[in-house]
């Protein structure tokens, strides 16, 4: 990523609706990243939906099998938050449904039942990527700006979004001077990857997931206050010799972060109490660690997804791996599996394109468009129709999957979202 210049912008006063009027001093580039969705499809949801996160209306509180969500255009990305869902349309518009207590839907839901079905977020800019956490949502525009709505929380409650103790019910712009090319959300933290290969983080840092805040300051920012946490700041990681490490990709677990350097090295920071980062010990990492457990593979890593205490990942050869906590079958390594401190191949899977995880569940999407699921069955997120835990990968079936291929999966606290399209 050479020759990119930092762009300076003049930021005008925020309008009363909460969005910023940004006067650009030069034309901004169209940002690209392999993670941006480009193939349009339909959205299926399953699991528990008592606060509307399934998007199926007021009368449907759960679905044992994937159900079709009614949307007005093709969807190129679907992201599951803790208790809400975010869909990105092919036009660049955002549709949300689910819990709006902290503003994670980014729209007015005062009309009874309006949060239970998809509604459009008012944002003039064309969006190319979305991410969702427990009670926040982020949107990346085609010119590299980031808008957020909702709030971050820590163990004591709401901490705010961009300002201390202030949530936002509508999109507000993140002030960062360099175009962003990818966004990723954990439960209560946000990571921005810039065109220059830098990582900016914001949100809760209690478990080290921001990668830039020492442990003594993670409790609401210490004497510097919440601004230390909520204002996105760059992670400065020195490289061997001179300069610093630059990154090409980033992924979030619930309370931890993975980042891949431009040289292909895997770094991690945050909670690792079950070795979910691939560290030898179970201490939290408050600064990026070069994870040697991922060097044991000669392949390049192309995808990571972290639950509460486990991680699933996939390499460039289409092989899926898991590590971390084993209870309830979330690793997919069989009923007698134990905690894993390094990436462990998941048996009985075909060639895989992508992986996903919820708190205690995991998914893998094969190159031929099938989805496999395993882990805790309590919330009906696995598509088996039963509440039993699944210890090894099982292919998900259902009426709406018979003639459709799965493009991607995203999983929240109690529900799961599939992006699918008709098989040609």
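Cβ coordinates come from backbone N, Cα and C, glycine included.
Copied from Swiss-Prot, the annotated features are:
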REGION    1-22  region 'Disordered'
REPEAT    40-90  repeat 'RCC1 1'
REPEAT    91-142  repeat 'RCC1 2'
REPEAT    144-195  repeat 'RCC1 3'
REPEAT    197-262  repeat 'RCC1 4'
REPEAT    263-316  repeat 'RCC1 5'
REPEAT    317-367  repeat 'RCC1 6'
REPEAT    368-421  repeat 'RCC1 7'
Take the repeat 'RCC1 7' (368-421) and count its residues per DSSP category (helix H/G/I, strand E/B, coil), listing them in that order.
3 helix, 26 strand, 25 coil
Write out how many residues of the repeat 'RCC1 6' (317-367) are helix, how many strand and how many coil, based on DSSP.
3 helix, 23 strand, 25 coil
Counting CB pairs under 8 Å, which listed stretch among 40-90, 91-142, 144-195, 263-316 touches the repeat 'RCC1 7' (368-421) the most?
40-90
Let's see if you can do this one: DSSP helix, strand and coil counts over the repeat 'RCC1 2' (91-142), in that order.
3 helix, 19 strand, 30 coil
